[in-house]
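Pulled from TrEMBL:
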DISULFID  Cys211-Cys232  disulfide bond
DISULFID  Cys310-Cys331  disulfide bond
DOMAIN    46-158  domain 'Ig-like'
DOMAIN    165-260  domain 'Link'
DOMAIN    266-355  domain 'Link'
SIGNAL    1-15  signal peptide
Amino acid sequence: LPLLLEATLLWLASSSHHPFYNGFYYNHIMNDKDNGQEKVVYFNGAKLVVETSKDPIYSSNGANVTLPCRYHYEPDMEAKRKIRIKWSKLRDDYTKEQDVLVAIGKTYIAFGDFRGRAHLRQAGRREASLVVSDVRLQDDGKYRCEVIDGLEDESDVVDLRLQGIVFPYQPPHGQYRLNFHEAERVCQEQGAILATFNQLFQAWSEGLDWCNAGWLADGTVQYPIHLPRKPCGGLHLAPGIRSYGPRHRHLHRFDAFCFSSALKGEVFYVDHQAGMTLEEAKQSCQDAGAEIARVGQLYSAWKFLGLDRCDAGWLADGSVRYPIAKPRANCGPAEPGVRSFGFPNKGRFGVFCYKER
């Protein structure tokens, strides 16, 4: 890249963008009548308009997705300069936006985890759509498409939502033992990430009812209730998401709500007549060219692949669980779900293995 272009791209990537236009200095100018009404003045005589999808864009783990973004002028005109485009990801905790990509013309730079996975789709006139390949769990969220034409600066936001499942998680040593950073780690160890509020709300709307409070990605602690009861906020409260609000990320301890999406592989069950210890179960998965499944992988296989097995099996965290898609006698409650036997110190069971396709 020429040095000037490279410097411009780096400045554009590092600059923070405050609200939706850079208009205070030139867009909002009081009219001559001084009657309290505003008139809009544009240096080039045309208004720059940026449009993205008003509906969420849905994708899944490992897929490719396009976040649409187009711009135009009112009245129509041709841009006299090279248009600059910046994509950024908004954070759930409202801290500084994450830089995704900046571009001038057909030259672009992607940043961080998006390097090598993000590029612009400029197939049509005045298109600035973002293409993300190999979508990851962390990609879920809101993205800002910003178009800059000289001093004109407009943007719009598009929502990328991964199709997934939220599951509550307690570590082997019991309830309410995780600070925020430990909750982040245990979710990652189970093939998942800490859920966002929107993901928890979606899970609640689909029936999730859980009386133990857990960390979310924004540092708040909440829990979903469908059936109000005394231990869960009281009988007088309506169904909904109960919130403790933001908690101290080091000192306070709760459970975690983890989020996992569709799998790139398959989960299958392996058993021996006499059952297996945890170490024997891990070896059995390796012998089958796989690895012992994580909790998030079992939940994903249950939700997205309809995995149904009325046999308890070891998982990577030392827990014993089994997935039921079609409830029946001797297989637990009347509702579908992933049943848990906890973390047995001894015992012999089958094992759930995971293998990449």
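Heads up, the Cβ atoms here are built off N, Cα and C, so glycines get one too.
Mean pLDDT for the domain 'Link' (266-355) in this predicted model: 96. If you measure from the Cα atom of Cys331 (disulfide bond) to that of Cys211 (disulfide bond), you get 23 Å. Cβ-based neighbour count (10 Å, all protein chains) for Cys232 (disulfide bond) stands at 19. Residues of the domain 'Link' (266-355) grouped by DSSP class, helix first, strand second and coil last, total 21 helix, 26 strand, 43 coil. Here Cys232 (disulfide bond) is positioned 30 angstrom away from Cys310 (disulfide bond), judged by their C-alpha atoms.
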